[in-house]
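Some features that Swiss-Prot has for this protein:
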type	residues	note
MOD_RES	LYS5	N6-acetyllysine
MOD_RES	LYS14	N6-acetyllysine
BINDING	29-57, ARG99, ASN138	NAD(+) binding site
CROSSLNK	LYS57	SUMO2 cross-link
MOD_RES	LYS81	N6-acetyllysine
BINDING	ARG106, ASN138, ARG169, THR248	substrate binding site
MOD_RES	LYS118	N6-succinyllysine
MOD_RES	LYS126	N6-acetyllysine
ACT_SITE	HIS193	active site, proton acceptor
MOD_RES	SER213	phosphoserine
MOD_RES	LYS224	N6-acetyllysine
MOD_RES	TYR239	phosphotyrosine
MOD_RES	LYS243	N6-acetyllysine
MOD_RES	LYS318	N6-acetyllysine
MOD_RES	LYS318	N6-succinyllysine
MOD_RES	THR322	phosphothreonine
Amino acid sequence: MAALKDQLIVNLLKEEQVPQNKITVVGVGAVGMACAISILMKDLADELALVDVIEDKLKGEMMDLQHGSLFLKTPKIVSSKDYSVTANSKLVIITAGARQQEGESRLNLVQRNVNIFKFIIPNVVKYSPQCKLLIVSNPVDILTYVAWKISGFPKNRVIGSGCNLDSARFRYLMGERLGVHPLSCHGWVLGEHGDSSVPVWSGVNVAGVSLKSLNPQLGTDADKEQWKDVHKQVVDSAYEVIKLKGYTSWAIGLSVADLAESIMKNLRRVHPISTMIKGLYGIKEDVFLSVPCILGQNGISDVVKVTLTPDEEARLKKSADTLWGIQKELQF
């Protein structure tokens with residue numbers, strides 16, 4: 001008696017199952033899973049692989065997503081602590097690492113996470129030598145540098161999520177003040193993801209109308225409306241969310257899926273993301289900071305040259321010096 005499947009279905013060809021648009025997420029904590037669900041909801045991959053060291057949690061997260069397959073259009077969701085499961089990925093997103101504690105600066109995390117990266121990155125490279133690496137773990141700018149050094153990849157293929165979220169927070173808060181959707185509020189936060197990020201007030205606009213042309217004091221202490229508080233809120237917001245719920249996840253997950261979309265669909269959108277900035281703004285060291293980058297299928301193909309005020313440029317340089325001070329002490 002033939003099996004039910006054979007009675008029902010006539011096979012016409014033996015297919016080789018090589019994924020065309022595979023994405024891997026390393027780390028299935030709150031951030032990794034927020035990235036995973038956001039990517040699944042945007043239909044960006046034909047295969048999603050999850051990797052972590054905690055096997056029970058990993059299998060549970062995979063099964064939970066698989067059980068939603070009817071409502072998704074990603075036909076294959078897999079997981080393992082063995083990196084062979086990640087083979088042939090177009091994009092590998094690293095969210096693994098020690099979690100930021102309440103009140104802990106992102107920079108304080110660094111050596112703990114370098115040691116984790118020394119294991120992860122060579123394994124990723126072994127199975128997907130042509131992938132783009134998207135680093136999300138904090139401190140993201142330093143760890144993007146670490147991933148670049150360990151991987152041996154060209155700099156266009158090693159991307160830090162950087163200030164994509166900082167800029168999104170900035171545009172949300174700006175929109176709240178003005179009663180306008182964040183998509184129509186334009187403004188860029190550049191530099192270090194975190195405490196020393198730089199808001200570029202000269203470029204802040206709605207419908208091409210520069211806010212600085214209406215309020216020349218914008219972003220300064222002399223501003224009666226204290227718009228610089230908007231940037232202060234951006235810097236403080238992660239700490240506040242961590243204090244309230246213990247971690248951040250949803251916004252960073254959505255932000256990462258936004259970057260993944262630009263890469264997987266070769267959109268060539270401009271994002272404030274972390275890239276090797278040596279040679280720009282008088283920076284002479286191998287540091288990664290966020291500047292507006294054109295993002296597509298090859299990763300970061302171009303950088304947009306932003307005109308900064310002398311003060312903004314000085315702040316960017318100071319960030320670079322701070323990061324280099326830490327990077328040159330790293331053991332790897």
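Cβ atoms here come from the backbone N, Cα and C positions, even for glycine.
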**OP:** Pick out which of the recorded positions ASN138, THR248, THR322 has the most other Cβ atoms within 10 Å of its own Cβ.
**Re:** ASN138
Original post:
From the Cα of ALA45 (NAD(+) binding site) across to the Cα of LYS318 (N6-acetyllysine), what is the distance in angstrom?
Top reply: 39
Original post:
Measuring Cα to Cα, how many angstrom lie between the residue listed as 'active site, proton acceptor' and ALA49 (NAD(+) binding site)?
Top reply: 27
Subject >> Candidates LYS57, LYS81, ARG169, HIS193, LYS224: member of the recorded positions with the richest Cβ shell (10 Å) >> reply: HIS193
**OP:** Look at the binding-site residues MET33, ILE37, MET41, ALA49 and tell me which residue has the greatest number of other C-beta atoms within 10 angstroms of its C-beta.
**Re:** ALA49
Original post:
What's the CA to CA span in angstrom from ALA49 (NAD(+) binding site) over to LYS81 (N6-acetyllysine)?
Top reply: 10
Original post:
In angstrom units, rounded to an integer, how far apart are the Cα atoms of LYS14 (N6-acetyllysine) and ALA45 (NAD(+) binding site)?
Top reply: 22
Original post:
For LYS126 (N6-acetyllysine), which of the binding-site residues VAL53, LYS57, ARG169, THR248 has the nearest Cα in space?
Top reply: VAL53
Original post:
What's the CA-CA gap between the residue listed as 'phosphoserine' and LYS243 (N6-acetyllysine) in angstrom, rounded?
Top reply: 37
Subject >> For the modified residues LYS5, LYS14, SER213, LYS318, the one whose C-beta sees the most other C-beta atoms within 10 angstroms >> reply: LYS318
**OP:** Give the distance between the Cα atoms of LYS57 (NAD(+) binding site) and THR248 (substrate binding site), rounded to the nearest whole Å.
**Re:** 19
**OP:** Would you mind ranking the recorded positions ALA45, LYS118 by how many other Cβ atoms sit within 10 Å of each Cβ and giving me the lowest?
**Re:** LYS118
**OP:** Report, as a single number, how many Cβ atoms besides its own are within 10 Å of the Cβ of LYS126 (N6-acetyllysine).
**Re:** 12
**OP:** For MET33 (NAD(+) binding site), identify the closest of the recorded positions ARG169, LYS224, THR248, judging by Cα separation.
**Re:** THR248
